[in-house]
Structure formats: C-alpha cells, structure tokens
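Enquirer: Pasting in a structure now, in structure tokens, and then I'll have a few things to ask.
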Amino acid sequence: MTSNQQRPRTRLSLRSNTTVHYGSLSSEQPDSDASSMQTNSISQKRSYIAVAVLCYINLLNYMDRYTIAGVLLSIQNYFGIPDSTSGLLQTVFICSFMLLAPVFGYLGDRYDRKLIMIAGLIVWIITTLGSSFVKKSHFWVLLLTRALVGTGEASYSTIAPTIIGDLFTGTQRTLMISFFYIFIPVGSGLGYILGATIANATGDWRWALRFSPALGGLGLLLLVFLIPNPRRGASDNKGGATMESTSYIEDIKYLLKNRSFVWSSLGVTAMAFVTGALAFWTPTFLSRAQIKQGLRLPCKEEPCNPLDRYKEIRKVNCRLENVISQRLVSRVIAVIWSLNICLCFDFFAILQTFIAIGETLLSLNWAILADILLYVVVPTRRATAEALQIMVCHLLGDAGSPYLIGAISDALLKYNPESSHWDFRRLEYSILLCPFIGVLGGLFFLMTSLYIKEDRKAAELLTSGNTILL
C-alpha cells in the first residue's frame, strides 16, 4: 500500500511494462526538463510577441512558396519547359517538405524546438537565395534548390504550432492559432503579387526569389532573441502530471487509433490537393484566359508578368478609338468597343474575386484543423502528429496535384497544338478535377465531426493523468 501523500505514477503508453517513457504521465518532475526548458513563468506579453514573430516567419514561408507561381511564365520561357515540367518545381519542394516533416516531428517532440527552428530557417535562407543564381542550362539545379527549401520549412511548420499550443490554452490558443494560419493566404497572395511585381520592375525573375531571404534574415534574429522555449504541455497540465517519453512506434500507433486525427488528416489531404493545384496554376490560367479574350498578347520573352493584364490591349484600343472617333458613325462603334473591353475587365474582376474568396475560405480551415489536432492529441505527441499529417496531406495532396494538372494539360495539347485558345481550354479542363476532390474532402471532415468530442475528452483525461491508454 502506498501512503496518502504518495501519488501513483500514471503512464501514457501502448505497452504494459513499468519503465517510464516519453509521452507518459508522471507526477515527478524530470531533471532534464527542469534544466533545459522554460516553465509557466513566461509572461503573457512575451507570449504575444512570440506569436507575432512566428506569424511573420510563416508569412515569409508562404510568400517564398508561391513566388515561383507568380513568375512561372518567365521561368517557362527562360528554361523552355512545358507545363508538366513546370509543375515539378512545386512537386519537388513539397516532396522534400513532406518526407522531412516526420524527421523534424520526431526531433521536435524530444529535443530543443527553438534550436531546430533556427537551424531550419538558416537552411531555408541559404537555399532560397541560392536558387536565384541558377544558369539557363541547369534547370535541374533549380529543382534541387527548391527541394532543399523544403528542409527549412519542414522544421518550422511542424514545430511552431506546438510552441503556440504550449503558450496558450482554451479560446486564447484557438485565437492565436487562427492568427498564425491566416498568414497562409496572406503570404501566398503576397508571393504572387510581389514576385510578379519585382520581376517586372527589374526585368529579371531571379530578383523575385531574392526578396524573401532578405526578410528572412530579420526573422532569424527575431527568432533567436524573442522566441521562448516553453515546457511541452505547459499550458495543458499546470500543476499536474509531467509528460515523459514513449517510443516513436508507440506514438504512431496512438495517432492511428485516434479517429479524429485520421479523418481530419484525410480531409486536409483533399484540401491540400485543391489548394496546391489552384495556387500554382491560377496565375497562368488567368493569363491564358486574357489571351483567349484578346485582352493581352502571348508572352514571347521575359519578363512575363501575369499582373500586367491589359497594357497591350489598352494601347491598341486607344489607337483604334482615336482613328475611329474622327467620324460620327464610327463613334458609335468606338463606344461599343469600349463597352466590350469593360465587360471583359468586369468578367476577370469577378473571376478573380471568386478565386480569392475560395482560396481564402479553404485556407481558413488550416487554423481549425490545427486547433482540432491540439485538442485531440496529447502535448508530447503533437509535433509527431503535425509531421505525420503534413506528410500524408502533401504525399497524397499538393505534392502531385500541380504536376498532375500540368500533365493532363500537356496530354490534351495534341488535339490542337498551335492554338492559344486551346492552351486556355486544356488547362481549364485539367483544373476541373479540383471540385471533385474538394467534395471528397468535405465528406472526410463530416466523419471527423462524429468522433471529435470523444477524442478530445480522452486526450484531456490522459493529459491530467486520470486514465491509462492500453
């Protein structure tokens, strides 16, 4: 019999032995955590500053990720590559990102998270900057550097949400996670706009790839000096059980038995497929649509700016109106011509508005999904859960979707290879795959809703040390 003052040691483990493991629950404070981790003494002000810094770096990550899409037309012309090869630029990045995510998830649940993020950000800055110096005859080097960029992002994306989860709890954590993930659409949009704008201003698409690393240097300094390193589970079990380790295999088994985690991971996979395909191909799709409508001329030499929509047609239109309007009858024709151009402008404004709304609504799901993960997974397995979800959603989602869309488009090219009108149509038909995948993702999220309350309660009980997972 134990004394009344002595608390029994409760473990979170899939094994029934008596050894204490990482991920288990114990009332004893391990010396290593006490010496290497900060505790709940982190002030609220510093926690808010930490979230702001993490949001800034997240913004840069997504700016860089979609800068390529903003200058894709220039890259295609520079290297002389078709749609399918262009899609590989995103695919190789996502592949390295997803393959390395489990590695950083494992490290993030066991070692100093701040140091891992610092190392990853340094790799990201170097490789992103290096990709801007690739020669015309070495397209494979650009593919390699884009793949290495995924190394830096994998270290950050798997760990940053878990730090926010350990700084806040309840509705505050939900709000902070929402702020963090809202920078996905913001950064993605800025990546398009700044990438195309910088390339057009400098006349060289490479300068677009040099902008984010410059801002990344500031992010690195902020990360070093302003980000705390809270104890894992600090916000979930204040004054309660201390989380210790289990093996990586046990962590995976636990996550595969978590139904909310499994179904939400499948849902986010479908969402990643759609967002990845649309985010990569939308600028090119809109540019081809403008060519089809006669609102711009096909781009034959750099820089190809998808934001520079109507300059050529406006010049032609002005010349025609000046000549035609010299006669009374022709003025009527000039008015009709102008109305036609305005209607085309309105069509593209409406099209872009709906695309923006759709992408934003899809991106808002990231915050909800991250919040679900933090609620249904115990603190010491969250980095592993983030990493596993990242790997699955990218492996079956946006790792292949840009290439798949490009491959379908190239396969349809043979039906009318010389037509700019068909260039638009074949890409349009390829993108029609996305709505069907989106509906499938919605069904997966409905399945998640059936189990989330039960799994959240189970995670709370495990964290408090009131039960044992056998």
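Yeah, the Cβs are placed from backbone N, Cα and C, and that goes for glycine too.
Taken from TrEMBL, the feature domain 'Major facilitator superfamily (MFS) profile' applies to 50-453. According to TrEMBL, the feature transmembrane segment maps to 47-68, 88-108, 115-134, 175-195, 207-227, 261-286, 332-355, 361-378, 390-409, 429-452.
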Enquirer: Quick one: do the transmembrane segment (429-452) and the transmembrane segment (88-108) have at least 3 Cβ pairs under 8 Å, skipping pairs fewer than 6 apart in sequence?
Expert: no
Enquirer: So, taking each listed stretch (115-134, 175-195, 207-227, 261-286) in turn and counting its Cβ pairs to the transmembrane segment (47-68) that are under 8 angstroms, which one gives the highest count?
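Expert: Checked against 115-134, 175-195, 207-227, 261-286; highest Cβ contact count belongs to 175-195.
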Enquirer: If you average the pLDDT over the domain 'Major facilitator superfamily (MFS) profile' (50-453), what number do you get?
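Expert: That stretch averages a pLDDT of 79.
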Enquirer: Does the transmembrane segment (361-378) come near the transmembrane segment (261-286), with 3+ Cβ pairs under 8 Å (pairs 6 or more apart)?
Expert: yes
Enquirer: Looking only at residues six or more beyond either end of the transmembrane segment (115-134), which have a C-beta under 8 A from one in the stretch?
Expert: 57, 61, 64, 104, 107-108, 141-142, 145-146, 148-149, 151-156, 159-160, 206-207, 209-210, 212-213, 216-217, 219-220, 223-224, 227
Enquirer: When you scan the chain for residues with a C-beta under 8 Å from the transmembrane segment (261-286), skipping those not six or more beyond its ends, what do you find?
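Expert: Distant contacts of the transmembrane segment (261-286): 66, 68-70, 72-73, 83, 87, 90, 94, 188, 192, 196, 255, 306, 348, 351-352, 355, 358-359, 362-363, 365-366, 369, 372-373, 376-377, 385, 388-389, 392-394, 396-402, 404-406, 424, 427-428, 430-431, 433-434, 437-438, 440-442, 444-445, 447-448, 451, 455.
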Enquirer: State the non-local partners of the transmembrane segment (390-409) in its own chain: residues 6+ outside its ends, Cβ under 8 Å from one of its Cβ atoms.
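Expert: For the transmembrane segment (390-409), the sequence-distant neighbours (Cβ-Cβ under 8 Å, at least 6 residues beyond its ends) are 82-91, 94-95, 97-99, 101-102, 105, 154, 157-158, 265-266, 268-277, 279-281, 426-427, 429-431, 433-434.
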